[in-house]
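To start, the structure itself, in structure tokens.
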Amino acid sequence: LDWWQADRYCEQRFAQLLFEPQDSEQGSFSKLLQSHHIRGSVWLKERDSVLHKTKRRRGHTVPVLVFRDKTDTKYVKVLSDFPALPAVTACAHLQWDTRTQEIATIFSYAVPAFINEFQLRGFVDEEGFVRFALIVHGHHSPYLPVFRADGQWHHFCVTWQRENGTWAIYADGKKRASASGLCSVGPSAPQAIFGQGTFIIGQDQDSLGGTFRAKESFSGNITDLHIWQKVLGAEQIEKVRSCWVVEQDLVFGWSSNALEVESTVQAVTVQLLCPGPVEECRVLEVGSRGFSYASCLQTLPFICCYSKDAYWQLKRAQLESSHSLASRVNTLAVRTVIPDSVFTSDVQDMNLSVALDALDVLATVLREGEMPTLEPSDLLAVLQLLKQVSDIEVQEGDELEMLEQLGQSYIKITELILEEQNIGTWSSISQVIRGPMAVVELCDRMVSLLVPLLTADRTKITIQHGNVGLHRVTVKNMWFGYGSLQRCLSSTGTSAVAQDAAASDGGQKYLSTTVGTAVISSALLSGSQEISTAVRYRLQHRVQKVISMFSLFLLHVSPDAGGMWSTAGCSVMMSLPDSTACFCNHTTNFAILLQVYEMQRTTKEEFTLQTLTFIGCGVSFCALTVTFILFLVVRVPKSERTTVHKNLIFALAAAEALLMFSELAKANQALCFMVTAFLHLFFMAAFSWMLVEGLLLWSKVVAVNMSEDRRMKFYYVTGWGLPVLVVGVTLATSFNKYVAANHCWLNVQTNVIWAFVGPVLFILAVNTFVLLRVVTVTVASARRRSKMLTPNSSLESQIGTQIWATAKPVLVLLPVLGLTWVCGVLVHLSIVWAYVFIVLNSLQGLYIFLVYAIYNSEVRNAIQRMKDKKKA
């Protein structure tokens, strides 16, 4: 096989092409080859091929001619003496202007005896293809489609020879059209193309070297034009497409010095990324035991090699296999889709239809759910099939709808084999496939097959199944969502990363290094060819309690080599609690690793915090209970304010009581769930009534716009209806993720916690605004009253009055508006804030008792009336 086919053959069998053998190994290799009667050369893989792509590319800096718009003035003349050409090949890189569908002349060669001696013309048809026609001696070939009019760079070659007038047109390395008969007929025929003519790029010559017409001119960019006085073979054309110059029989080589450029034609220097393959690949000379290079397109013998560990792991997987997956898939497909052994399988090239049928059958069997965990042999068989499918070539005329279905099925199977229950299976074949990054590599190849789906009308493709998907515009992007690939990656390989950074600093305890984001793969494409470019990106990650982040980026590696982490060429631009923005000078596979730290408190600190909480909650509960009884017993005159106070006190007392004894419910899962739900309900109710306190205050002090009866109905709906709704919706949507692992409270590791934090933050924001507005009104009122009652008072007296006017509403309203809970935002910064938060909120009930019972004039008056009545 040729080098590319040989490399693919070995890869599909989970082996590698033979590396350059060591001196001690050469004797045994020679004996092995001689026993198989192999002489001459065998293919080798070079040692640096861990980063080797299927088709290696190299940069090629060339001058490009820019023909802006169709005019009758722009032209470029080739300053070269052309001999008579019994055969000719002309090749160039071309970027077609898609704005016009008129005929354009790429080049024209004229001689005094014949103006249309040798010419190439083209136009864009209604289906979006550029069609070429070749003219020789005035004889015109038909216009035939050669490449898509997509505005990208394309390579073309045209060949002609005198014998039978045989001609051919190649585009992007493939023969698009060929025929014979493009020559003169008669006694003097066939004739060579005459020499000593004028070669013009971008115009049709209606007279020797001139008389151009705008409607037949070329619009676009052209570079790297070469002309030979012979017909190049397919192998040589592939070399030329890869930017290698074939020197033999070259008549004209691309050079700025050999061109006469009209002043309005712009010449710019551009670096093209040439397509592969490279010209030569490494070979071992069997007889001489030496090493040399040969054209990669030659067909030579080759050897596939396994490491011993990988080989025995493969053998063990085959021996222990029940072959249930293979038999079910093959039975359903009524043919052999999955072979019995990866060693003996005859891996055939697939076409689109066969590949789609195979993936559909496999997806059906995997989805049935009768095989919850894949066997090692099953996983290897699936990967082998995915490798085969990713290597298919899409042919002209293939149905695009079928191609998209292939992408859907491919991603679907990828998601199924990355399910959590298969982590153990991945580990059991770790010597054969070093981690699930093999799937990323395979998907990357698969994405490239979808190029024909991109058109002027459809500029992007999105395919997603579960946590795996791809998205493509001009850039090829893939992502493997958090929780899919990460489970396998985090379990292998990351523990050894940056161990020096993983020491405890006393206040924090190092837990682990994990893949904290989706894994994304990014590549910029020109047509189907990859271009190297810098990239900026931002990856979102989960917010940890305390994390110390450092960013590591996953380098592109071969599927069998697994993944390795490196920061090479990448730097952090911005780091936020929930995301990190980075810049890399290359495109590859990226992820961000998080070193996770847990806030470490001493046993003494934990005990102190728990004791303070219990004592504070106990005092608060007793104070709230006494206040509630006082409101009921002493017959405080009924009003909106006392009704709202009673509801707030009841909700807060119930929440405090549950909180004190919630730790006792941890042992019973069902009881803990109920306690969590009621804690959620009563704390939400407490905050809802704090919101009502704020709304009531606003209506009394700032604006009155609703009757008292209607207000109370609205207050009850807000105070009790809203909490019931929030808790009900949360339970309905997140029943299995509702309770935390170690406490009877909402799960802070999921989004469930926002069912409490979100409404609380909103209420605190509203009440803060209400407090500021009330303070403003109170201070203004105090200032006016001071001026009316004591107009001649001193400045110090006025300032003191205003300070008290500010402090009094703040002190009175802070507990009922819940603004002491703002301290909770600062708890993670220091243990001091934890103490402040617990003290302020545990004593909230005592504060309410003092302000709204002991120092409440209505309560005191009611008690005095009871005393007077008793005395009477």
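One-based numbering along the chain as shown.
Every residue, even glycine, has its Cβ placed from backbone N, Cα and C.
If you look up TrEMBL, you'll see 61-274 marked as domain 'Pentraxin (PTX)'. Positions annotated as domain 'GAIN-B' by TrEMBL: 436-600. Annotation source TrEMBL lists domain 'G-protein coupled receptors family 2 profile 2' at 609-856. Among the features that TrEMBL reports, transmembrane segment is placed at 612-636, 648-665, 677-702, 714-733, 753-782, 803-827, 833-855.
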Requested in this report: Taking the transmembrane segment (648-665) as the first stretch and the transmembrane segment (753-782) as the second, find out whether 3 or more Cβ pairs fall under 8 Å, excluding pairs closer than 6 in sequence.
Outcome: no
Report task. Take a look at 612-636, 677-702, 714-733, 833-855 and tell me which one has the most Cβ pairs under 8 Å to the transmembrane segment (753-782). Result -> 677-702
Query raised in the report: For the transmembrane segment (612-636) against the transmembrane segment (833-855), do we get 3 or more Cβ-Cβ pairs below 8 Å once near-sequence pairs (under 6 apart) are dropped?
Result: yes
**Report entry** Residue numbers, six or more beyond the limits of the transmembrane segment (714-733), whose CB comes under 8 Å of its CB atoms
**Finding:** 640, 643-644, 647-648, 651, 677, 680-682, 684-685, 688-689, 691-692, 695-696, 706, 752, 755, 759
